[in-house]
Amino acid sequence: MDIAALDSAQVLRENLLKWICFCFGILASVFTYFNLFINDFYSLGILEGVFAIYCFYTFNYARTRKFQTWQPLLLCLCIMLLVILGTYLAVVKSGLFVWTFTLPVLFYLLLGCKRGFYLSLLLVCVQTVVLMNKASLAPFPELNLYLNMSFSYLSIWVIAHIFEASRAQFSERLENLALFDPLTNTGNRLAMNHYFEVELVDKINLFIMVLDLDYFKKVNDEFGHDVGDQVLVEIATILRETLNKGRAFRTGGEEFALFIPDSNQQESYQIAENIRVGLQSTAINVGEREISLTVSIGLAAYRDGDSLKQAIKAADEQLYYAKEHGRNNVSFDSQQYSAKLEQVS
Ligand SMILES: Nc1nc2c(ncn2[C@@H]2O[C@H](COP(=O)(O)OP(=O)(O)OP(=O)(O)O)[C@@H](O)[C@H]2O)c(=O)[nH]1
């Protein structure tokens, strides 16, 4: 599963941008024809024609490629400008200003809460000035028009804001559920894949550790599964606190993978040793009990071009070696590392 699939905002905005461009492209074409050939309103007609072309271009772009972050913003600004110009140029009774009420929804859905808020605020301010400078608001009584416009715009604005804020919150919660191990609050395998494939751009001096608790089954057997769970939570916390760079992930029951970028043999080995010695000398308090544990660690240097699976496998082989040779130790294949250094030089 790709982590991008979890970004519901991106998926929503991609679809919205595409279909709004299509709908507005058709609408703007109809208005262009109407204003150029029936209404003789050339200035607005030409603007609408240009806007229709832009809409169809963006529709086609969004159909075939990932949209650029500025595209939704530009679309919103264009629509806003058209509605403001239309309100300014046309008489009030044409009803063009009514489009104002659709825009906060569009801004919030396409741009999110912050930009949506500022554009909605800007729009209402400009439209108020434009309407106030109109020679006549006929056929509407002035006070009625202002009151109805203000309250209906405010209602739509508030609803759009609440909807988008809740959607963003919900989406973030879902993403956390999918990426974090609920017991230890450490990233899971999906988060590890994303970290390796997307976040870790420079992997040249990357070191990978696979860490496994020794005889953890005994803890479960002796103290029960709940105590075992609490021990895992404590271990994960210690790992996160000890790692001053890189990231830790829970990859299995009592197994963690740690990534240390921009490192070298001495430093990564020292980090692994610090973790091992630190855990060995830390008695984990669970209720009134104190539990002592040791860990075995397999350490491997990342080989250029290796997939995540291959990189983890190399560290796993070292872990196996560490377990085979008495546990509570760190194993690192220095020969493989020397070969890698020779290759690089
Ligand atoms: N409490 C708890 N136990 C777990 C969890 N996931 C896996 N385990 C336990 O971890 C233990 C792993 O046991 P083994 O694979 O035999 O490994 P070990 O006892 O640590 O021995 P070595 O790894 O060989 O040193 C099993 O008893 C699992 O039930 C979990 O989420 N919570």
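Note that Cβ sites are derived from N, Cα and C of the backbone, with glycine treated the same way.
So that you can see what the record holds, here are the features copied from TrEMBL:
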{"type": "DOMAIN", "residues": "204-335", "note": "domain 'GGDEF'"}
{"type": "TRANSMEM", "residues": "16-35", "note": "transmembrane segment"}
{"type": "TRANSMEM", "residues": "41-60", "note": "transmembrane segment"}
{"type": "TRANSMEM", "residues": "72-90", "note": "transmembrane segment"}
{"type": "TRANSMEM", "residues": "96-111", "note": "transmembrane segment"}
{"type": "TRANSMEM", "residues": "118-137", "note": "transmembrane segment"}
Contacting positions for the transmembrane segment (118-137) when only residues 6+ beyond its ends and CB under 8 Å are counted: 76-77, 80, 83-84, 87-88, 91-92, 97, 100, 103-104, 107-108, 111, 145-146, 149, 153, 157, 160
Arithmetic mean of per-residue pLDDT over the domain 'GGDEF' (204-335): 91
Same-chain residue ranges lying at least 6 outside the transmembrane segment (96-111) that approach it to Cβ under 8 Å: 12-13, 16-17, 20, 72-73, 75-76, 79-80, 83, 86-87, 90, 117, 119-120, 123-124, 127, 131, 149, 152-153, 156-157, 160-161, 163-164
